[in-house]
Amino acid sequence: MNPLKRSLESSSQEHEAGKQKLQKRECQDFTPRRYQLDVYEVAMRRNTIAMLDTGAGKTMIAVMLIKEFGKINRTKNAGKVIIFLAPTVQLVTQQCEVIEIHTDFEVEQYYGAKGVDQWTGPRWQEQISKYQVMVMTPQVFLQALRNAFLILDMVSLMIFDECHHATGNHPYTRIMKEFYHKSEHKPSVFGMTASPVIRKGISSHLDCEGQFCELENLLDAKIYTVSDREEIEFCVPSAKEMCRYYDSKPVCFEDLSEELGVLCSKYDALITELQNKRSDMYKDADDITKESKRRLSKSIAKICYCLDDVGLICASEATKICIERGQEKGWLKEVVDATDQQTDANGSRLFAENSALHMKFFEEALHLIDKRLQQGIDMLLNSESGCVEAAKTGYISPKLYELIQIFHSFSNSRHARCLIFVDRKITARVIDRMIKKIGHLAHFTVSFLTGGRSSVDALTPKMQKDTLDSFRSGKVNLLFTTDVAEEGIHVPECSCVIRFDLPRTTRSYVQSRGRARQEDSQYILMIERGNVKQNDLISAIVRSETSMVKIASSRESGNLSPGFVPNEEINEYHVGTTGAKVTADSSISIVYRYCEKLPQDKCYSPKPTFEFTHHDDGYVCTLALPPSAVLQILVGPKARNMHKAKQLVCLDACKKLHELGALDDHLCLSVEDPVPEIVSKNKGTGIGTTKRKELHGTTRIHAWSGNWVSKKTALKLQSYKMNFVCDQAGQIYSEFVLLIDATLPDEVATLEIDLYLHDKMVKTSVSSCGLLELDAQQMEQAKLFQGLLFNGLFGKLFTRSKVPNAPREFILNKEDTFVWNTASVYLLLPTNPSFDSNVCINWSVIDAAATAVKLMRRIYSENKRELLGIFDSDQNVGDLIHLANKSCKANSLKDMVVLAVHTGKIYTALDITELSGDSAFDGASDKKECKFRTFAEYFKKKYGIVLRHPSQPLLVLKPSHNPHNLLSSKFRDEGNVVENMSNGTPVVNKTSNRVHMPPELLIPLDLPVEILRSFYLFPALMYRIESLTLASQLRSEIGYSDSNISSFLILEAITTLRCSEDFSMERLELLGDSVLKYAVSCHLFLKFPNKDEGQLSSIRCHMICNATLYKLGIERNVQGYVRDAAFDPRRWLAPGQLSIRPSPCECPVKSEVVTDDIHIIDDKAIVLGKACDKGHRWMCSKTIADCVEAIIGAYYAGGGLRAAMAVLKWLGIGAEIEEDLIVQAILSASVQTYLPKDNVFEMLEAKLGYSFSVKGLLVEALTHPSQQELGAKYCYERLEFLGDAVLDILLTRYLFNSHKDTNEGELTDLRSASVNNENFAQVAVKHNFHHFLQHSSGLLLDQITEYVNRLEGSSMDKVELLSDGLPKGPKVLGDIVESIAGAILLDTKLDLDVVWGIFEPLLSPIVTPENLELPPYRELIEWCGKHGYFVGINCRDQGDTVVATLDVQLKEVLLVRQGFSKKRKDAKAHASSLLLKDLEEKGLIIPKNASKTEQFEKHCGSTNPFNNLHVDAMDTQTPKPTKEKNAADSRNISDPLLGKPLHVIVKTSKGGPRIALYELCKKLQWPMPTMESEKVQPSFSSVCSSPGGSSQKATPQAFAFASTITLHIPNADVISLTGDGRADKKSSQDSAALFLLYELQRRGTLQLQEV
């Protein structure tokens, strides 16, 4: 075999390889043929147009050039790129893949669908620096050159694929004429074509030479082809050309064509009559009518064409296609697109009526056609003889019959690959359907391929690609296509090309023939027998090709064409700074694009209008732009024809738009960047979102800071008395005084707060007592008292060295070893009771504690542990009990507070036992084995202590306990195991342990138990005081002096939900959001009177978005004040207290304050809010933005708009409202608007109860943008922008103040239900505002009329109307309500109270929690989530309609419903409403007579053990099921699943089994299992050591919990089993869940993996 001849198999493999995207590839080598090398060498010497046969490898020559030029670019480091241009997207993609495979360059493709038209200069520069080869459509390159994003100086090589397109006004032509021939530094040019002749053919040698020269001159290149064609003819498969002749039509259906014409005229008249019946004469309605008639005419033309060309059956199929398209409302989409309207077709009566007429026409037309067809036509086509009969009767045309015969002649049909070229898209579609009906061709797979986007007969780009891929792979045998597949499409396996419709040009002939790439392939021309015209056409084309090849190969290489001589005058406008330019040719599209960016709605699209004036020697065009444009009227220069006049006036307009700033210096539409500094600094992923996690520090409280505690001199400190009053008689709490070296804010100094203990409440009050002086000795005693009590109760008094076997150290042993933290310094000292503001510190108690500290120092200094028995006596005297430092009577021990010298723990003595040191250590234990015989032996071996009085009785002590969160009533039951018998609900509560201890190890502290009680209140109390002080500190930083802005409001604003307080920032955030929106809207409205609503909205969006608020908050250190973690009393530290739960700082920062670059993390497992010991904590970026809004809301709630504006100023948000701008805006409205002659608005003013001072504001508020077509210079959109913010703040303020006890979630729902366009639309209809709307749109009138009729004729409420799938109200109705609100606000000079007084009755009844209706989809999701069900969702497109299928698997039945709508959201709402009705019918949905929150909380709020699992997931291990529990107590056991078991990973940490079970049920759509937990009596616990090491006889817990789990497997089984008993309810539920998982594993449902 000749090595030059590549097999078709290798060619196919090359193409398939080209389809693979390799991220980092090694370029594939190929061996070029001799003629390819020849062309390559010529192209390296000069600009060349390679004229080679299709399939000859022109692209590979281009690849060789790319390699060489790329190498040069790299060597010279010139930074130049190579541009490869291809005329279609398919070719761009195909060629890009080939270049990627065969080169090592970075290659990218560019076309319009990628959005490159919207790219900016920096984006293009990024592409240039990243890629060396850029493959693109010529229009993309042309536009980038015109915008000066790319310049030819940066291009080293331009490749033109299918360069014969460079004629007329093609982008190839524009690139060369506008840029290349004017450039000083021209890149090299390489063109590729199989036919340089673009016209029908060539008439002579001179004509051919002229067309060659024209192309050469334009591309500045020389045509080159191979003179010796032997190698090409050998290497490139050449299709065998043949003609198939068909007979003339035996039957002409002229009478049927006439009948169809008459029918079309009839319906044309009906459409006209339909329009004449309308009372209005709106232009858009006229446009719809005209377009509808035009479409009707086009449809009948298609049907008649099919009737004449392919026969009666195909005409019937064409009619059916029209009917199907009408059913999908495809024709309506065409009408909408053609008239540049964006109206929802369902929203216009005119659309519906026209649609009905079209459908009736098609049905009648089909009836006329089908009655000519005999019964059983489908059976007729199942045989060859039937097809012959069909041809004779005209059912199929002879031409189509001959095509069928060709198909029938194919051998090895399963591998046949045939392209059939037709002229029209409808032909491809109907023949495709026809062939599928023919039985003896059923072994073929048939499809069609059509291009373009303007027709509904065309395929989308994706469908085109999929169809071509199917044809290439052999899934499709017969592909009917238009000329879209003529050029460049690589199908190496194509064995036959049929020209069902003859080619019209030499280029079409050559290109289509070149698609037949297989060896021995065929190229079949179908010609009517005896048709001289067709024969002459083919003969001329063949002669043209022969002459073209001959002339091209015989031209001498030295015979260069003359240089390019421009034969047209190019009018253009240049921008000197960038080099961008616009030509007269491109100016029209720019003007249209500019108008498209102007404000518009569904019933009005701004467009330019052109008027032409004829003069003797030409035309003058007057351009009128919409009133919202910066330029309205422009008269252009005179031109020779109307088109040129239109171009020139648009060119002048582009120049003016650039001068006025509407076009930027790149002649792109100006996109305003209102806050560029914000945008530039906010670059990053997820700024202001919950996805972004950042590390921030905590702001110190200035009032707490200081080093005064270390001074050895007398001090004067501010004193604040703390008084505690319990609501239970006999419960006494000692008074205390807070001493601090700063003056606390008044609200803190007068604080009153309720602290919630388990079974009681303590009212706490703080009062200022002025300065109090302490001498140096008192300071020392006070510090010892505080250090002893807080460490002895909540911490530890001993530390152990890291040195092995080193003795413990007493932390108060040396003054210099225990340093107080200067960040938080204060003293809490007990006082004697007093009834005035005087403070009388109880120094006797303080001195006693200090004495105990000194005693402990003596005991633990210099290893003098023998001093333990300081007080010694050989005999017990009477009822004396020997303590560590004294003896006392037994009856005085009750409630004595003591300190254990060996553990450093503080206890309260309860009783004397009968046990002694000599008693058996395990005497009260059921434990079989024990290490110690007696208590005395235990203390000797454990602590090295020899009891001096082993015979004296042991004391029963109550140990100190951990502090609790007492700030909220919801925490009062935290940590207890008792049963609340009032409601029968078991509440977890740990029973207090009782400790047995020898008295001689105890030091009495001589302080009453009342003082000890007060100490347990301090963690919660001081946490609240610290928080309020921090909030007050932030208030001071803001600097607005208003006593109404309380610290409590500020505290609420900086507290997140994660804190689990009774309050959070959510409500204030909602209010602040509305306030911010209102303030910024007013500011922008007044400051920019010439900006339209779209521009104002864009600026507002930038100013109030979370990214901006985040940036401003960071600049003001708001993040340091945010409270983002729940109060953990065990980690709270008093001054002088050592932490027993440290959290060492491992953060990537050195200082406490994060001042450098913000650290970001993507770890989803990161714990938010929890601070390390230096105060660093991870926080969501959005939290900071939310806090900013909440602070604004707090100031508005406390001090009104003036206070909120002060916060905005402090933040740096420019939202000032100047009085003179208000006056100017009112004056402008009064000047530019006009009043109707009869004042029709008096009735509206009467409805409003308000008379406008400036009537023009009301006129503007009711003027629709469509009025601008009649000359109006204004519309309601700016006032709508203002009114939107007005109604938002008014309704939010009302809801905030009216529902103070409503939680933040429900408040958000209330606002959403109140502030929305549908609600406002109903208000407009209720008060007949629509009667006063000034507009010029028939479509809008139809929409409003239909909506009003539906609303008035329905008894359903708003939610039912929406959820039933009916369209929402026209947006314009809600808009005018907002614009009226904006007009009144402006007329009253921004008096919100007046506006509310007018609108409150208009908006009534305003939604309340009692009648709040959640959106159906939201309600369904929440209900299912609460009850343990999952919602299956599947959405698909069906024509222009979205079909949403939702299903809910209940325990016994699967509920499935479908919803339909134009939008996915509305379709899901429709389906959800139907499912909710089903659930209600089954009695599962609660009647809607209460708020949603109350319903859910009451009926299913906290019963689901699988809710909030992440809260319970802790690092505690979940035991495996015991062996005796593996057997399940179940009924009807069967394997619920078939197939391979699911792999389930279960974490053994707390919550892990429940999470795994939840994920399993969600995946399988099983209802969540139910849990029932009950008390169980555990075994008696053994005697054990306390954490401090003391011996204790542990009292058994009152009970533990065991949980029973029940799983309903749909249509299969019910499994019920009980887990092991656990100490708390959640752990017992984990045990039950784990048992169930193991049971499912036993059944083969899953395979468990524990981690």
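Glycine too: its Cβ is placed from the backbone N, Cα and C atoms.
Swiss-Prot lists ASP1375, GLU1378 as Mg(2+)-binding residues, and of the candidates GLU1280, GLU1304, GLU1452 the one it assigns to that same site is GLU1280. According to Swiss-Prot, the feature region 'Disordered' maps to residues 1-25, out of the candidate ranges 1-25, 1501-1525. When Swiss-Prot is compared with the stretches 161-164, 169-172, 373-376, 1349-1352, the one noted as motif 'DECH box' is 161-164. Per Cα geometry, LYS1371 is the residue among the recorded positions GLU1280, LYS1371, GLU1378 nearest to GLY57 (ATP binding site). Listed in sequence order, ALA194, VAL236, VAL510, GLN511, ARG513, GLY514, ARG515 are the same-chain residues at least 6 apart in sequence whose CB falls under 8 Å from the CB of THR54 (ATP binding site). According to DSSP, LYS1371 (site 'Important for activity') sits within a helical segment. When the CA atoms are compared, no recorded positions among the candidates GLU1280, LYS1371, ASP1375, GLU1378 lie within 10 A of THR59 (ATP binding site). Taking the recorded positions LYS58, LYS1371 in turn, the residue surrounded by the fewest other Cβ atoms inside 10 Å of its Cβ turns out to be LYS1371. The shortest Cα-Cα distance from GLY55 (ATP binding site) to any of the recorded positions (GLU1280, LYS1371, ASP1375, GLU1378) is found for LYS1371. A separation of roughly 64 Å, to the nearest angstrom, links the Cα atoms of GLU1280 (Mg(2+) binding site) and ASP53 (ATP binding site).
For the domain 'DRBM' (1413-1481), the DSSP-based tally of helix, strand and coil residues reads 30 helix, 25 strand, 14 coil. Within 8 Å of the centroid of the Cβ atoms of GLU1280, ASP1375, GLU1378, where the record puts Mg(2+), the same chain has further Cβ atoms from TYR1276, GLU1277, LEU1279, PHE1281, GLY1283, ASP1284, PHE1320, GLY1374, ILE1376, VAL1377, SER1379, GLY1382. Counting residue by residue with DSSP, the domain 'RNase III 2' (1241-1389) contains 106 helix, 2 strand, 41 coil. Averaged over the domain 'Helicase C-terminal' (402-563), the predicted model reaches a pLDDT of 84. For the motif 'DECH box' (161-164), the DSSP counts in helix, strand and coil order read 2 helix, 1 strand, 1 coil. THR59 (ATP binding site) falls within a helical segment according to DSSP.
Candidate binding-site residues: ASP53, ASP1375, GLU1378. Fewest other C-beta atoms within 10 angstroms, ASP53.
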